[in-house]
Amino acid sequence: MPSQPPADFTDFKVADLSLAAFGRKEITLAEHEMPGLMSIREEYAAAQPLAGARITGSLHMTVQTAVLIETLVALGADVRWVSCNIYSTQDHAAAAIAAAGIPVFAWKGETLEEYWWCTEQALTWPGHTGPNMILDDGGDATLLVHKGVEYRKTGILPEAENEELAVVRALLDRSGLDWTAMSSEIRGVTEETTTGVHRLYEMHRDGTLLFPAINVNDAVTKSKFDNKYGCRHSLIDGINRATDVLIGGKTAVVCGYGDVGKGCAESLRGQGARVIITEIDPICALQAAMDGYQVATLDEVVDKADIFVTTTGNKDIIMASDMAKMKHQAIVGNIGHFDNEIDMAGLAQIPGIVKDEVKPQVHTWKFPDGKVLIVLSEGRLLNLGNATGHPSFVMSNSFADQTLAQIELFTKPDEYPTDVYVLPKHLDEKVARLHLDALGVKLTTLRPEQASYIGVEVDGPYKPDHYRY
């Protein structure tokens, strides 16, 4: 693959093109660890099921995502890509994608203005009104299209409730994109993460969803693998790279015990930490207790713990008033999608507090009494801001789900009226099968009479949609 883009190709913006050769080496290594994606590439390349697809991708621009992008292209798609987080881009991966002649607009450490400019570029298709497919992580590309349509319809800009919405408001006010025409051509969106899925269900409930969506997050091969096993790996990686603090013997609080929280708690306990869970859901709280964790409220333990990790996908989980009660040198980080789980704005407004950068995405906050907190990635995803995210094998599951979901929506538009769907079970099982050989797994095969007895086909699917794995 080239280390420089074609001479006439300028439709990109990355930090440093000279990193492309390094990025290509890491992409090649990742391909070996991503058997699901590579198998799909081999199976579908001749048929070109995504020929004619114009995919706007908004998902962390990492080495693993580069393998996803090149898989989509290999299946016939045209792609324009941005990262879905200002800190998550791996600049060498972005450079390698640009060098391959694929439009990409992403670099680590974007401002909010730059971030939303990049998203606008990914939705801008020369010669077309826009994309006809969206691949989203967190829902920002989908949100921008919906806000644009609303603005064109009503002439009313969204309220600037926070700094980010103020940036979106300014973008919509100046943008020349025809959001209404764009939305009419979009066949659907496939959404990667819990937070984006919440947005989709809210829009559908309110009657404002403009096109069909597949909830990739709740595919079993995504939520039970990426969310749990991926976070189990990458949380510790992020904390270690950021702080080099020994985790063994420390007390850690994990806010939330969903799939992400379960993976985080397991990894911290595996390092020897005493882990305490906070939960709102009685079922998840009972699970945590049965798994051997103390379950308490944040108020009960906020002045006793050494490490705090938010995993909920909700807002205002750790407030400035909570941080004021924490121990000296407590570490505070988030692994939920957005930056509103930790009250960073409130922390900055404490009179006399002083923020100091230790290194990129690691800051100390010194209170007037001399107490210092260590905050990772400014409250954004610490596993991507302070480390490199989930390992390739886990992401192969999620990105195989994404690829099959894109094919499903693009090739079968009549089967998906506007609604929010989950990935069909047979595709979920297909993704799992594609990863078994790499782990040396040998499946038992049902005999016909056994399959008949439990009411399934010999080749599956084996579980009903409501089954909880």
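A Cβ is built for glycine as well, from the same backbone N, Cα and C atoms used for every other residue.
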Which single residue out of E26, E31, E191, E192 does Swiss-Prot record at the substrate site shared with T62, D137, K222, D226?
E192
Using a Cβ-Cβ cut-off under 8 angstroms and a sequence gap of six or more, which residues of the chain neighbour G256 (NAD(+) binding site)?
I277, T278, E279, C284, T310, T311, T312, G313, N314, I317, G336
Round to the nearest Å and give the CA-to-CA distance linking T193 (NAD(+) binding site) with D137 (substrate binding site).
6
Here are some binding-site residues: K222, H337. Which one has the most Cβ atoms within 10 Å of its Cβ?
K222
Here the Cα-Cα span from T195 (NAD(+) binding site) to D137 (substrate binding site), rounded to a whole number of angstrom, reaches 8
Taking the Cα atoms as reference points, how far is V260 (NAD(+) binding site) from D226 (substrate binding site) in Å?
8
Coarse DSSP state, helix versus strand versus coil, of E279 (NAD(+) binding site)
coil
What same-chain residues, at least 6 away in sequence, bring their CB to under 8 Å of the CB of D226 (substrate binding site)?
H390, V394, M395, N397, S398
